[in-house]
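One structure is given below, encoded as structure tokens.
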Number of protein chains: 2
Amino acid sequence: MSDPLRLGIAGLGTVGVGVVRIIRQQAALLEARTGRKIIISAVSARSKGRDRGVSLSDYGWEDDPIALATRDDVDVFVELMGGEDGPAKAATEAALKAGKDVVTANKAMLAINGQALAELAEAEGRVIRYEAAVAGGIPVIKALMEGLAGNEITRVMGVMNGSCNYILTRMENSGKTYQEIFAEADGLGYLEADPQLDVGGIDAAHKLAILSAIAFGSKVDFDGIQLEGIERVSIEDIRAAADMGYKIKLLGVAQKTGRGLEQRMQPCLVPDTSPLGQLDGGTNMVVLEGDAVGQIVLRGAGAGEGPTASAVMADICDIARGVRGPVFGQPATSLATSKAAQSQLPAPYYLRMALVDKPGALAKIATVLGEAGVSIYRMRQYEHEDSSAPVLIVTHKTTHAALQDALSNMDSTCVMAGAPVALRIEEG
Amino acid sequence: MSDPLRLGIAGLGTVGVGVVRIIRQQAALLEARTGRKIIISAVSARSKGRDRGVSLSDYGWEDDPIALATRDDVDVFVELMGGEDGPAKAATEAALKAGKDVVTANKAMLAINGQALAELAEAEGRVIRYEAAVAGGIPVIKALMEGLAGNEITRVMGVMNGSCNYILTRMENSGKTYQEIFAEADGLGYLEADPQLDVGGIDAAHKLAILSAIAFGSKVDFDGIQLEGIERVSIEDIRAAADMGYKIKLLGVAQKTGRGLEQRMQPCLVPDTSPLGQLDGGTNMVVLEGDAVGQIVLRGAGAGEGPTASAVMADICDIARGVRGPVFGQPATSLATSKAAQSQLPAPYYLRMALVDKPGALAKIATVLGEAGVSIYRMRQYEHEDSSAPVLIVTHKTTHAALQDALSNMDSTCVMAGAPVALRIEEG
């Protein structure tokens, strides 16, 4: 039997408490599975006195996470404080420099500072593991980095923010507007303190940036993501999409193209019969595609005490078993700097527009689309509302550039009653 | 850079050729991801001369897999021959005794001889890895053993034989009988040389036995599985189930109960809106449930050259990176001998019966059910066919024992026109 693996846990919010609970309750199971005792040497959090529903009296206490990270009786620093820099990053760096391995759930820190931290860890011969940073309890980092290690990854997609998917699902089921459901979700405590992290797509984009670094062997590049949140998704679009057989999801997509790495996080339409289309509520789903394996779909809880703590424990158990390796699956110094590409790959698009009620209006729009090389796959015109006619169009596959051409030429036709809505359709 | 990892591959069918192809085509990627070159020293198969569409001239050849397994220039013996014993087992044992690690896709060998092989491997300080043995390209062994290592597993379920799911899906879509679709699938080459391995549920049960050993820390126990194939699933049941909102799947379920380990592989009804219910065609799905993580659903191709070779490569890459560990996640000598339990956990059941067309027939059946403690949740009686009336019943949760009581008492009511069909309903 090896020596115990000694943890220092910084951050005792929901996830931290979940990790403490598992270590206390499943000690025998963890020892059977890893061949070592897993023990907590000390913990750190903002407030020492607060009752967290779990006993901390067996563990040392540090007010300062850096002091915790560098304690002699800590082998693994478990960073559960959050924040892209500040104390989380400082303590992570201190831990690595002091020869500790790091387990973290901090997607923001890795998406923004992952490259520098990976280089530091690998120079120090330490590991950083972060299964909990992406899609909560779903072991997607492990599936992608290890389970599909024999594949050239062709595409990574996912619904990775449960709050956004909850809002979109509730809008569809209730027929209420974005503003109404946003207020409801906020009232229920489903949103981050800064809701923009959720509804602006930032949290999900952090996760996508991490997955694409692993998938494509490139430096994590959050700034290279085309990012659009769900704030402009209207109930009209949700209804119209449903009418055409689609659902609207905040979908992250990363794929390698001839021109670079394309990373998008934006509201997209997906077929309502696809696994992504059937994903309702707060659940997460990640779709991994590789040249050999084809498509793998992973689904599970993306947040919450148990699921996130489960992912943290997977990392701790791996370290206990002696599993080591580069932070992003390849040595950090060998990761490529990918050029960020702007949606070069053709896709079908959904267009919703209101046309003025004049003869020939639809013909003009069809002409503008045709002249830009955008061909129409399906079209529906609905009953007139007031003096304008709602029109839905699903295009054949077209490039983003051609579509933008068409959209900007529509203005000059003088038949548009308001700006058109254009959303990409991502096929299963 | 470490030394190359040197493979000896035995078996050059679809999967073996797929592995050779990946190693040839993705050499640079594999080296970047594992830090080592992965090379093939020698191969072995039944016929040396056969054109397999991939060049083997760079590799040594052995007619005898045991000679291959024990070659000095082989670090990892890759067993892709199949068969629960015979040459596969002999060569695996020889490899372990000669100090080689083993990667295999052989579910039958592990389900029947896994305990002995695990004990041998661990005594020799070697690993056996078998991601490809269960659910093809889905990295489910890794997800369960490593990704959910912090969980007490509460249930494992899955549709793990693509051929059976194809047959059931085709029956539903075409309205044709089992016999007709079986002949079609056989003609298309979708079935094993011995089709009983597929339609009898044996192949899927091998996989379930492996998953339950890992999930519950018990010795692999194929004989403890309650096994029933799909041969008796009728088109009438598929139609009636659909009418009540269910699909019929060949579903494997393993769970720990107070009385032992319950393992079942049998046709079950699942809600048609659940992930399992929406799984059409040859795809596989595994559902893992843990006390912390909740429910994780994994979906992907369960067979075929690329997906299965992808899983074999994951194991090879793990060994190249130095990942080691007990075969079933805990030391083989510490695995429990679980008592096989017969469906103690209550479940709802689907019953289809034909009653003779006499007043009071339905009342008699309802009385028999009530007396056995089985309560009716939903009931439908259809238009009479000939002189009998088809009746469908969905029960509330009941034990298998109570249901058997009721079924055996129905006989003596003299209102049954033929034997009733009873299928378990497994809830999402």
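Using the three backbone atoms N, Cα and C, a Cβ is placed for every residue, glycine included.
Around A:Lys207 (active site, proton donor), the same-chain residues at least 6 positions away in sequence with a Cβ under 8 Å from its Cβ are A:Lys107, A:Ala111, A:Ala133, A:Val134, A:Ala135, A:Gly158, A:Met160, A:Asn161, A:Gly252. DSSP assigns A:Lys207 (active site, proton donor) to a helix in the three-state reduction. Annotation comment: TrEMBL describes A:Lys207 as active site, proton donor.
There are 27 other Cβ atoms within 10 Å of the Cβ belonging to A:Lys107 (NADPH binding site). Marked as NADPH binding site by TrEMBL: A:Lys107.
Using a 10 Å Cβ-Cβ cutoff, A:Glu192 (L-homoserine binding site) registers 15 neighbours. Residues annotated as L-homoserine binding site in TrEMBL: A:Glu192.
Over the domain 'ACT' (A:350-424) the predicted model carries a mean pLDDT of 90. Per TrEMBL, the feature domain 'ACT' maps to A:350-424.
For the domain 'ACT' (A:350-424), residue counts in helix, strand and coil come to 25 helix, 28 strand, 22 coil, using DSSP.
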